[in-house]
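Visitor: Sharing a structure here in structure tokens format.
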Amino acid sequence: RWIKFEEKVEDGGERWSAPHVPALPLHSLFQLRTCLQKGTMLLDLDATSFKEIIDKALSGQPEEAELQPALREHLAALLLLQPQHQPTKSLLQLLAELGLSPCRGRKPGCPTRHPRKAKGRSEPRTQLSITPLKEQLRNRFKKKVPPGAEAAHVAVGEVDFLEKPFTAFIRLRRGVSLGSLAEVSLPSRFLFILLGPPKVTAYHEVGRAMATLLTDELFQRVAWQAEHREDLIAGMEAFLDELIVLPPGKWDPSARIPPPSHLPSPRRRTTVDPLDQQPHSNGDMTAAGDRASLGHPCSGEELERTGRLFGGLLRDIRRKAPWYGSDFSDALHPQCLSAVLYIYLATVTNAITFGGMLGDATANMQGVLESFLGTAFAGFIFCLFSGQPLTILSSTGPVLVFERLLFSFSQDHSLDYLEFRLWIGLWVAFFGVMLVATEASHLVRYFTRFTEEGFCALISLIFIYDSLKKMLSLADAFPINWQYRLDNVTSYSCTCNLRRLFNPILTCLTTLHRPPLPSIHHPDKTSTNLPSCPFAGLSRTQCLDRGGHLLGTSCQYVPDVTLISFLLFGGTFFSCTALKRFRSSRYFPVGVRKLVSDFAVILAILASCAVDAVLGLETPKLLVPSELKPTNPARGWIVFPFGANPWWVCLVSVVPAVLVTILIFMDQQITAVILNRREYKLQKGAGFHLDLLCVSLLMVVTSVTGLPWYVSATVISLAHMESLRKESATSAPGEHPEFLGIREQRLTGLAVFILMGVSVFMAPVLKHIPMPVLYGVFLHMGVTALNSIQLMDRVRLLLMPAKHQPDLAYLRHVPLRRVHLFTVIQLLCLALLWVLKSTTAAIIFPVMV
């Protein structure tokens, strides 16, 4: 059987082989061409049953090849026999047959079974059924057949009663169900019959050649449109023109060639109709197609200037408005649930990380709670009204650097930080609206792969670096006991010293222990109360709360929390990676593989949390604010524009606002370009102007309320899109599922930010999630985003000998030394950006980009 690749029933194995590329003898194609030239050919035949087709095929022979009436009857009776099919059985069916196999010989103790046909098989002399059999209707193989497919039947073989071969090629005018002829119940369109005397020709190989031709997309088009025999021959000649011959001594003909991961597009193979008998495309046409695929990914009408004020914004709104309803209905899929949980945990971790750093940089004028509320509000509004709702808003590194510098400047010049920041935010919003009005987003078309990859690589490396840095910092909070020796356990002790607080007569050294030791009782003696101190049994926390300090060699001992944290960190990362790749595994049905892959990150987090709960060690946990009040009690929820600073501050704020505007524009638009690349196959279009307007207007609200500023987060947004990848539900055996695009909708982003807003009330549940597990998710997102850019492929080429390099499109058209030079320059620029980011000059980071 063939769908796209050949499958064979193994000799004696009663199972189908693995799909493989058919290897045809060249001579069989020449014989097939002869059969088509001399045999019976019926095009657009009107028939409703297989018997009617056979009768017309036998009566429509050329005069020189016409069969005797007796031979025609014999041949018709043979063709109308029920063919034997090899059914596709489930694992449960195979196990059931295995369990019943000892009883098939009627051994003593086995139940008596009435003879019956094996499922999917018929007795040798059974006539073809007019209606489909139950086995056909219930055949599991039908799930592999693409919707709208039709069947073609190839019947070849040797018969003793014929003196010369009988050949017929038949195309029906419309697809007709031919009863029990096919393995599964499908309408049939094409039939090819080749029967003849023994040892005249290799009938089996000719039949394989015909089946292979009928699975070729270009020949299919010819077979559908052919009006005469010559058209069909011309289509076969076109097939032969593209044939590649393998030398017989350089490969094993019995070896089965596995299906390739990617098949060439029919448009690449030819751009003309074979029926016109025009020359086919050659290597130059393929090269041109390869070069065309390297064009700019965002060259659509989204970035064309209209020349009118707010023209680009109005066009974005008109483009996105018809899709608004489907942005909610398209989210009704289980995959969206896994995306919500995955991105929610990533966003929570990011908010806590940046909130903590903002609190340190601004004396808690902006802290973790402000980060949570700002992320929830800004993200929700953006997902509701933006042009690309798959974008996730977050605080970014350059914004954090600016906040730190602005706070230091305010402190040094005795200015109110939040009021100064309010005026900067208002000016940034004004400049952003002006950029939208003048269609400045059209400059995005000049962003090249060089810039996009450098920016994406930098943000990905920041994620990787921060996750590793956070893990290494655990050694400070939970020091590793390098000097601990099990043999010296008797000399270790820790006491609480309270001498500085009490009268020396009442003071004692209390040994820290848990639980407290009970009093000693002797059954036959008077109870002995050991002398004890009134503060005996104080815990470490109680001792420090009372103003004491710890003395002893084991006071700094903690269980090896750092080690288990690193195990959880690495385990989460590798589990996420392995489960994501499970989709392409060979194990379990495709539905199970897809489900596991979609929920890979959630399963990895649950597994790591379970391990942590079983071990019971005090690993650092996710702590979210539990009260809705500002982190710094000295500030309120509304920032007033006047009163704390001189009046001229509102004018001076224009200067830093220009830098922030450049930062916001570059950060937002580069991320938007990356998310809207052509390879993601987005159907609903981009909204560069609308997105920038939303970010600009949100700057007003977050500045007035003293919340952090937000812009598109590259890595989390890429992770969001990767978690919503769509693939074809059915694929032929051996064919890899086809990437169909991204599940474009607004509901996942809205759900993520709604959960962010109610996280304050979910603190009792979230506190069970270890922070090392979330850092492992961070590392996974950074590595995944880094591997998604071409830069990493070219970095690997630097370390790879030429003979082992993959067959990449750009390596066919660009000299290798120029590829390496491009990569080295890109790496040097990336290193410069990294150094710049790590210094106080990071405020000019967007200008350097």
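Cβ atoms are placed via backbone N, Cα and C, with glycine included.
Copying in the features that TrEMBL gives for the protein in this structure:
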type: DOMAIN; residues: 1-253; note: domain 'Band 3 cytoplasmic'
type: REGION; residues: 106-126; note: region 'Disordered'
type: REGION; residues: 255-290; note: region 'Disordered'
type: DOMAIN; residues: 308-849; note: domain 'Bicarbonate transporter-like transmembrane'
type: TRANSMEM; residues: 339-359; note: transmembrane segment
type: TRANSMEM; residues: 371-400; note: transmembrane segment
type: TRANSMEM; residues: 420-438; note: transmembrane segment
type: TRANSMEM; residues: 450-468; note: transmembrane segment
type: TRANSMEM; residues: 561-579; note: transmembrane segment
type: TRANSMEM; residues: 599-617; note: transmembrane segment
type: TRANSMEM; residues: 646-666; note: transmembrane segment
type: TRANSMEM; residues: 687-711; note: transmembrane segment
type: TRANSMEM; residues: 747-766; note: transmembrane segment
type: TRANSMEM; residues: 773-792; note: transmembrane segment
type: TRANSMEM; residues: 819-836; note: transmembrane segment
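Give me the lay of the land around each of these features.
Guide: Mean model confidence for the domain 'Band 3 cytoplasmic' (1-253) is a pLDDT of 79.
Residues 366-372, 375, 379, 392, 394-395, 400, 403, 466, 470, 601-602, 605, 622-624, 631, 708, 713, 716, 719-720, 723-724, 748-749, 751-753, 755-756, 759, 766, 769, 771, 774-775, 777-778, 781 of the same chain lie 6+ residues outside the transmembrane segment (339-359) yet bring a C-beta within less than 8 angstroms of a C-beta in it.
Among residues of the same chain six or more beyond the transmembrane segment (371-400), those with a C-beta under 8 A of the stretch's C-beta atoms are 316, 319-320, 327, 343, 347, 350-352, 354-355, 357-358, 361, 459, 462, 624-625, 628, 663, 667, 671-672, 675-676, 685-691, 694-695, 698, 701-702, 705, 707-713, 716-717, 720-721, 724, 742, 744-746, 749-750, 752-754, 756-757, 759-760, 837, 842-843, 845-846.
When Cβ-Cβ distances below 8 Å are used as the criterion, the transmembrane segment (599-617) is approached by residues 338, 341-342, 345, 559, 561, 564, 568, 571-572, 575-576, 579-580, 582, 723, 768-770, 773-774, 776-777, 780 of the same chain, each at least six residues removed from its ends.
Here the transmembrane segment (687-711) has Cβ contacts under 8 Å with residues 302-303, 310, 312-313, 315-317, 319-320, 354-355, 358, 365-366, 370-371, 373-375, 377-379, 381-382, 385-388, 391, 393-396, 399, 403, 418, 421-422, 424-426, 428-429, 431-433, 435-436, 439, 441, 444, 630, 635, 637-639, 660, 664-665, 667-669, 671-672 of the same chain, all six or more residues outside its ends.
For the transmembrane segment (747-766), the residues of the chain that approach it from at least six positions outside its boundaries are 327-328, 331, 336, 339-340, 343-344, 347-348, 351, 369, 372-373, 375-377, 379-380, 382-384, 389-392, 622-628, 720, 724, judged by C-beta separation under 8 angstroms.
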Visitor: Residues sitting near the transmembrane segment (420-438): Cβ under 8 Å, six or more positions beyond its termini, same chain?
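Guide: Tertiary neighbours of the transmembrane segment (420-438) are 309-310, 312-313, 403, 406, 410, 639, 641, 645, 649-650, 653-654, 656-658, 660-661, 664-665, 689, 692-693, 695-697, 699-700, 702-704, 706, 709.
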